[in-house]
């Protein structure tokens, strides 16, 4: 066997590519991995407008419409649950291909649907692709990116989701000019096109270096790390960290090795994650599930999926005005997700989450209040309340996009130990999609039961509770190597306990 590329890399340092080329390579990898997110975002965005025409064309009830809107995320639990095992078996790259194939088939089925059951089959197939895509894109990007730009690059899936949502909104506006029975079919069927570009793009992507190490392919792993790290020395250091995390001795340096205990490496994952986790792993799991729950339970998909309905309740009566205002939501959401992505490595995950959730709480409170005032004054045109409602929808999506939107995926893709990462991330995605499905499938009923203003005040309460959770439970992870996250969470938990014990001792001494 040849000696590892790690040793070779030290010798040929003079041929090291410039740092800018390395950054561009990692940047390109992140973009290609995030293509799945454009497809997902398009589906989310396009349904907000297509639902108006589907309801009229297929004569659906409100309950049927709610199910149609939210069921994609329930179906995605199938993909999310299988994504961890699939990505460990096939690799991160071919799992992305699989997600694209499901998206392609699902979009075609929905575009050619002639009745409600037919379109639900298309939603099921596309939903499986959603589950795969939402887990694998941030995990792949986190494993390829160097620590210095990991937050920025891992935010790409959320950026592309928002670009997809905006494209869906624009598609709604233009295809709404077609006859009713054709317009919504074009809106949904066009979603198959990006899947073709995804399949082509994946051919240019390298495999995740951490997955390659798990397969014993150290030479191939180093080649990827060498192209995506800022320096040759950083690539060597990253490979050494991954080897230690996987349990490979330092003296095993050949290009291809037999990973010790590989056959049993995956057998205890769920036990270590759910049954008998260490204190640090338990903390990591709770943090991941908590942040995913808060992201969706605070009502973002109610706004994304039902923007035309919300604007109708706020006083915008024509469908054209509702769709234009919805396009504005997409523009604001996309612009601020770019802002959040650019500052996540500068200000850190924790600061953005707290700022974001605080802004969401204020926006939801104002939105709920304005909609309540409008609802209690039927027949009156309260311009200030209408203006406040429209404005606070925009500020809500803006504050969401600057923190809770991108940071959720960044944070949860980087905190799990490498052995538990795929399964841990998939659990977070499953909860995220479950909550998104619940919100999507109950918002109209919730609005009838509590009024639409009351529904948003409920979301405001969730945002307030989430802010407290983030403040007390989430440590900062900016700049921390992936292999040191378990130590970070362990020390954070220990420090919390020590501080609590110190306060108790002070109380006892004072008595």
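A Cβ is built for glycine as well, from the same backbone N, Cα and C atoms used for every other residue.
Just so it is clear, the model here is predicted, and its values are computed rather than measured.
Look at Swiss-Prot and you will find 27-47 (among others) tagged as transmembrane segment, backed by sequence analysis. Cβ atoms under 8 Å from those of the transmembrane segment (27-47) belong to residues 68-69, 72, 96, 99-100, 103, 107, 126, 129-130, 132-134, 136-137, 140-141, 144-145, 153-154, 156-169, 171-172, 187-188, 190-191, 194-195, 197-198, 201-202, 204-206, 228, 301, 304-305, 330 of the same chain, restricted to positions at least 6 beyond its ends.
When Cβ-Cβ distances below 8 Å are used as the criterion, the transmembrane segment (63-83) is approached by residues 43, 47, 51, 54-55, 95, 99, 102, 116, 119-120, 123-124, 126-136, 301, 305-306, 422, 426, 429-430, 433-434, 436-445 of the same chain, each at least six residues removed from its ends. Residues or ranges marked as transmembrane segment in Swiss-Prot (evidence: sequence analysis): 63-83 (among others).
For 94-114 (among others), the entry in Swiss-Prot reads transmembrane segment, with the evidence type sequence analysis.
According to Swiss-Prot, the feature transmembrane segment maps to 124-144 (among others), an assignment based on sequence analysis.
Beyond the transmembrane segment (151-171), the same-chain residues lying 6 or more positions past its ends with a Cβ under 8 Å from any Cβ of the stretch are 26-27, 30-31, 33-49, 134, 137-138, 141-142, 144-145, 186-187, 190, 194, 304, 323, 326-327, 329-331, 333-334, 337-338, 340-342, 344-345, 349, 401, 405-410, 413-414, 478. Marked as transmembrane segment by Swiss-Prot on the basis of sequence analysis: 151-171 (among others).
Sequence-remote contacts of a segment are chain residues at least 6 beyond its ends whose Cβ falls under 8 Å from one of its Cβ atoms, and for the transmembrane segment (186-206) they are 28-29, 32-33, 35-36, 38-39, 42-43, 46-47, 49-50, 53, 93-94, 96-97, 100-101, 103-104, 107-108, 110-113, 119, 122, 126, 144, 164, 168, 171-172, 175, 178, 223-224, 227. Swiss-Prot lists 186-206 (among others) with the feature transmembrane segment, giving sequence analysis as the kind of evidence.
Annotation comment: Swiss-Prot describes 284-304 (among others) as transmembrane segment. If one looks beyond the transmembrane segment (284-304) by at least 6 residues along the same chain, the residues whose Cβ comes under 8 Å of a Cβ in the stretch are 44-45, 48, 73, 165, 273-274, 277, 310, 329, 333, 353, 357, 360, 364, 393, 396-397, 400, 404-405, 407-408, 411-412, 415-417, 424-425, 427-429, 431-432, 435-436, 439-440, 443, 455-456, 459, 462-463, 465-466, 469-470, 473-474, 485-486, 489.
Residues or ranges marked as transmembrane segment by Swiss-Prot: 324-344 (among others).
Look at Swiss-Prot and you will find 351-371 (among others) tagged as transmembrane segment, backed by sequence analysis.
Here Swiss-Prot flags 384-404 (among others) as transmembrane segment, drawing on sequence analysis.
Under the heading transmembrane segment, Swiss-Prot lists 424-444 (among others), citing sequence analysis as support.
Summarising the annotation, Swiss-Prot assigns transmembrane segment to 454-474 (among others).
Against the transmembrane segment (351-371), the recorded stretches 94-114, 124-144, 424-444, 454-474 differ in Cβ pairs under 8 Å, and the greatest number is found for 454-474. Two recorded stretches are said to be in contact when at least 3 C-beta pairs lie under 8 angstroms, sequence spacing 6 or more; the transmembrane segment (124-144) and the transmembrane segment (324-344) fall short of this definition.
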